[in-house]
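> Okay, these came from TrEMBL:
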- 24-117: domain 'Pirin N-terminal' (DOMAIN)
- 56, 58, 100, 102: Fe cation binding site (BINDING)
- 170-274: domain 'Pirin C-terminal' (DOMAIN)
């Protein structure tokens with residue numbers, strides 16, 4: 001049998017301010033872990049109106065928004081508008097350029113996760129696009145005390161319909177208590193993989209433990225199996241297992257722009273400032289959220 005992947009690094013994602021009045025727990029894309037190929041950023045966010053993430057640009061990667069509580073309304077300069085509710089996922093390809101806003105919908109606090117997945121050089125300038133799946137349509141199955149929701153990839157005999165330009169696995173596991181149940185998932189040996197704990201305590205084969213808001217990086221030299229146990233007598237364990245095929249290209253990043261060279265970043269800034277080469281519609285666009293707030 002293949003040995004389970006071992007924990008090679010673990011740290012707590014601490015709160016920080018992002019956007020306008022929003023709070024995120026950033027685990028990838030901070031000083032301890034700038035990049036985990038092909039992943040650029042992982043934020044666990046919490047936001048209440050009127051705070052949020054108003055009009056901002058992206059280029060060169062994809063964003064994956066997975067709602068846990070509440071709802072967020074998304075709108076962009078192409079006229080795309082919709083609300084992502086609890087359990088829904090939006091896989092957005094920024095490609096050559098998008099300007100959009102993400103603002104909480106309705107009262108209360110909205111919580112979720114946003115993952116930035118890098119694109120290879122031949123995909124960075126493709127046309128923007130969306131894949132959106134409502135909670136009821138996300139592939140899910142339960143066996144031996146383990147439930148998985150398959151956001152991307154496949155697990156326990158079920159597969160997501162999401163197309164990932166950068167090969168990616170995104171799984172939401174819940175493991176029951178009282179029985180030392182374990183989630184076991186094969187992952188391609190060459191892929192980078194990590195666990196992010198949402199609820200309960202994850203226990204790994206080497207005895208390492210991790211609680212909520214912890215990111216756990218897994219070694220890829222140990223084999224292709226990820227194994228995570230719930231040894232609690234009364235508390236469920238919920239965690240994300242995310243893995244991806246490394247791109248292996250240079251990364252040049254300036255905020256929401258991610259390219260391969262500094263020259264390409266300079267070109268992107270120029271394109272955005274002068275509303276050209278993918279950003280033409282940004283010149284006269286403003287989100288309804290900003291209009292409602294009276295922002296000129």
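Glycine too: its Cβ is placed from the backbone N, Cα and C atoms.
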> Other than 56, 58, 100, 102 themselves, what residues in this chain have Cβ atoms within 8 Å of the centroid of the Fe cation site's Cβ atoms?
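Leaving out the recorded residues gives 53, 55, 57, 63, 74, 76, 98, 99, 101, 256.
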> Provide the number of Cβ atoms within 10 Å of the Cβ of residue 100 (Fe cation binding site), excluding the reference atom itself.
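For residue 100 (Fe cation binding site), the count of other Cβ atoms within 10 Å is 23.
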> Report the same-chain neighbours of residue 58 (Fe cation binding site): residues 6+ apart in sequence with Cβ closer than 8 Å to its Cβ, ordered by sequence.
94, 97, 98, 99, 100, 256, 257
> If you count Cβ atoms within 10 Å of the Cβ of residue 56 (Fe cation binding site), leaving out that atom itself, what do you get?
14
> If you draw a 10 Å sphere around the Cβ of residue 102 (Fe cation binding site), how many other Cβ atoms fall inside it, taking every protein chain shown into account?
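Summing over all protein chains shown, residue 102 (Fe cation binding site) has 28 other Cβ atoms within 10 Å.
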